[in-house]
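Visitor: Take this structure, written in structure tokens, and hold onto it; I'll ask about it next.
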Amino acid sequence: MDFPQQLEACVKQANQALSRFIAPLPFQNTPVVETMQYGALLGGKRLRPFLVYATGHMFGVSTNTLDAPAAAVECIHAYSLIHDDLPAMDDDDLRRGLPTCHVKFGEANAILAGDALQTLAFSILSDADMPEVSDRDRISMISELASASGIAGMCGGQALDLDAEGKHVPLDALERIHRHKTGALIRAAVRLGALSAGDKGRRALPVLDKYAESIGLAFQVQDDILDVVGDTATLGKRQGADQQLGKSTYPALLGLEQARKKARDLIDDARQSLKQLAEQSLDTSALEALADYIIQRNK
């Protein structure tokens, strides 16, 4: 199976898992649950669930067990996008080629849906059937996702990003923003897959962290590049939005060609990290393919 087929299979699997966890919720057919479904299920590359599945499968964990952490990390990602798009944040009206949640359902429902998706993520990790995961590892997974999505991770990065609007931000400060805002949840996805495998996954965490940190930063560099060279129809969101908000970006600081080189160098670093796992007879091909895709994608 080539990478596009793997990614397509992941999208299908992750969406089935998300639907299964959303379906039993109360208040079905109300605007807030419809907003949750719209924000979580319509479109998206599902890269974070892919990282959960790919890492877990590398250690022999079943898809059935990995559905829960894959759905949980995507719930956090979906909530973050819903809230990022709000007028008080990035004020975007287009996401994945469709009206953003607050445009379609109103700000109140968008806020509540984001809140509900965030808490659903932790309900999934605490309650879902994960037969191969010990209680110790389940608690570690909950703690990992909480840290990555809170003030020590994604929320802290978003706060730094908002504070930096309209200001000149040096490269080290820009990397600090994105290691938190984007990179923390990507690292969490990899770690959740590893923690699903117990001790053998835990032993690989230092290597996997290096891989995840490299692809997380590369993902943001490529996003910044696409904000310059992409188009709204392909991106599914407003092209040039970062420039309009006065945000510092890698192309603005480094120039377009040097930004591209930085992204390539980061992916080379990620691939180098995986060699240590390949030497242990682990199949890293899916993680390698995902790393390459990050800088080859056009949206």
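Just so you know, glycine gets a Cβ as well, placed from its N, Cα and C.
From Swiss-Prot, for reference:
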| type | residues | note |
| --- | --- | --- |
| BINDING | LYS45, ARG48, HIS77, ARG96 | isopentenyl diphosphate binding site |
| BINDING | ASP84, ASP90 | Mg(2+) 2 binding site |
| BINDING | ASP84, ASP90 | Mg(2+) 1 binding site |
| BINDING | ARG95, LYS181, THR182, GLN220, LYS237 | (2E)-geranyl diphosphate binding site |
Visitor: Out of ARG95, ARG96, which has the highest number of nearby Cβ atoms, where nearby means within 10 Å of its Cβ, if these are the binding-site residues?
Guide: ARG95
Visitor: Return the count of C-beta atoms lying within 10 angstroms of the C-beta of LYS181 ((2E)-geranyl diphosphate binding site), excluding that atom itself.
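Guide: Step by step: centre on the Cβ of LYS181 ((2E)-geranyl diphosphate binding site), count other Cβ atoms within 10 Å, giving 23.
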Visitor: Would you find the one among the binding-site residues ASP84, ASP90 whose Cβ has the most company, meaning other Cβ atoms within 10 Å?
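Guide: Counting Cβ neighbours within 10 Å, the top one is ASP90.
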Visitor: Ranked by the number of other Cβ atoms within 10 Å of their own Cβ, which of the binding-site residues LYS45, HIS77 ranks first?
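Guide: Compared across LYS45, HIS77, the most Cβ atoms within 10 Å surround HIS77.
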Visitor: Taking Cα atoms as reference points, which of the binding-site residues ARG96, LYS181, GLN220 is nearest to ASP84 (Mg(2+) 2 binding site)?
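Guide: Closest candidate to ASP84 (Mg(2+) 2 binding site), judged by Cα separation, is LYS181.
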Visitor: Do me a favour and check the Cα-Cα span between ARG48 (isopentenyl diphosphate binding site) and THR182 ((2E)-geranyl diphosphate binding site); whole Å is fine.
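Guide: On Cα coordinates alone, these residues lie 11 Å apart.
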Visitor: Can you tell me how far the Cα of HIS77 (isopentenyl diphosphate binding site) sits from the Cα of GLN220 ((2E)-geranyl diphosphate binding site), in Å?
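Guide: With distance taken Cα to Cα, GLN220 ((2E)-geranyl diphosphate binding site) is 15 Å from HIS77 (isopentenyl diphosphate binding site).
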Visitor: Using Cβ-Cβ distances, find the residues under 8 Å from GLN220 ((2E)-geranyl diphosphate binding site) that belong to the same chain and are at least 6 apart in sequence, listing them in sequence order.
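Guide: Spatial neighbours, sequence-distant, of GLN220 ((2E)-geranyl diphosphate binding site): HIS178, LYS181, THR182, GLY183, TYR250.
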Visitor: Distance check, please: Cα of ARG95 ((2E)-geranyl diphosphate binding site) against Cα of LYS45 (isopentenyl diphosphate binding site), rounded to an integer number of angstrom.
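Guide: On Cα coordinates alone, these residues lie 12 Å apart.
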Visitor: State the count of C-beta atoms found within 10 angstroms of the C-beta of ARG48 (isopentenyl diphosphate binding site), not counting that atom itself.
Guide: 24
